[in-house]
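Notes follow the structure.
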Amino acid sequence: MEKPKYNRIVLKLSGEALAGEQGNGINPTVIQSIAKQVKEIAELDVEVAVVVGGGNLWRGKTGSDLGMDRATADYMGMLATVMNSLALQDSLETLGIQSRVQTSIEMRQVAEPYIRRKAIRHLEKKRVVIFAAGTGNPYFSTDTTAALRAAEIEADVILMAKNNVDGVYNADPRKDESAVKYEKLSYLDVLKDGLEVMDSTASSLCMDNDIPLIVFSIMEEGNIKRAVIGESIGTIVRGK
């Protein structure tokens, strides 16, 4: 059995990652693949927390740009993350992996409310904990949720899984063939150069709490495990 480099991780999944190539909605094949990858690392006794975005179903910024009240649009986005989280929980439990969804907005009929100490206890019992509904506050992204929850549960690393890129580049590799991929970066580099890794609030939170971040592609099966056991994949962001 491979020895994991990290004992407790936060896996950040964008909503788009769950949509796969169809671009929106929830792709059952993709979510099953992600669940299998999570099972691989859970079987290494890694404590796994997951933060899921909602962009495959709804984006608060899109609603705001169309004239909606920003807070209302963001709350709709939080509800989208709950739908994604329940879908992921179902896929995990189909594979025999115990999991719990905790929401920042109370909806006790479908999930537990977020309680930090309870989340940590679930992790210690090797249950996968899925954090849904963002931070529970409008104007904050699910990237910031991942940074906040990682700090709260004292995670060793954030694994940021992307579905359309395999790391951080100095330009969009889909538009610029000369784009160069970074192997390592500091959070100050990310903030100073305006690199599209995560928003500035999330980057600052990770930097202040010294939480390393690995950005990699979710589309290649086995990549989550490769990141956890310390193989060099994607881009690692750490320190000042």
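Glycine is no exception: its Cβ is also placed from the backbone N, Cα and C atoms.
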Inset, instruction - Going by Swiss-Prot, Lys12, Leu13, Ser14, Gly15, Gly55, Arg59, Tyr169, Asp172 bind ATP; tell me which of Asn27, Asn163 is listed for that site too. - result: Asn163
Inset, instruction - Kindly point out which candidate in Gly54, Gly96 is recorded by Swiss-Prot as part of the UMP site with Asp74, Thr135, Gly136, Asn137, Pro138, Tyr139, Phe140, Ser141, Thr142. - result: Gly54
Inset, instruction - Starting from the Cα of Gly54 (UMP binding site), work out which of the binding-site residues (Lys12, Asn163, Asp172) are within 10 Å. - result: none
Inset, instruction - Among the binding-site residues Gly54, Gly55, point out the residue whose Cβ has the most other Cβ atoms within 10 Å, with all shown protein chains included in the count. - result: Gly54
Inset, instruction - Determine the C-alpha span of the UMP site listed in the record, that is the greatest distance between any two of Gly54, Asp74, Thr135, Gly136, Asn137, Pro138, Tyr139, Phe140, Ser141, Thr142, in Å to the nearest whole number. - result: 15
Legend entry - Residue pair Asn163 (ATP binding site), Thr135 (UMP binding site) - Cα distance, angstrom, rounded: 23
Inset, instruction - Look up Gly55 (ATP binding site) in the DSSP assignment and report helix, strand or coil. - result: coil
Inset, instruction - Round to a whole number and give the Cα-to-Cα distance in Å for the pair Asp172 (ATP binding site) and Tyr139 (UMP binding site). - result: 25
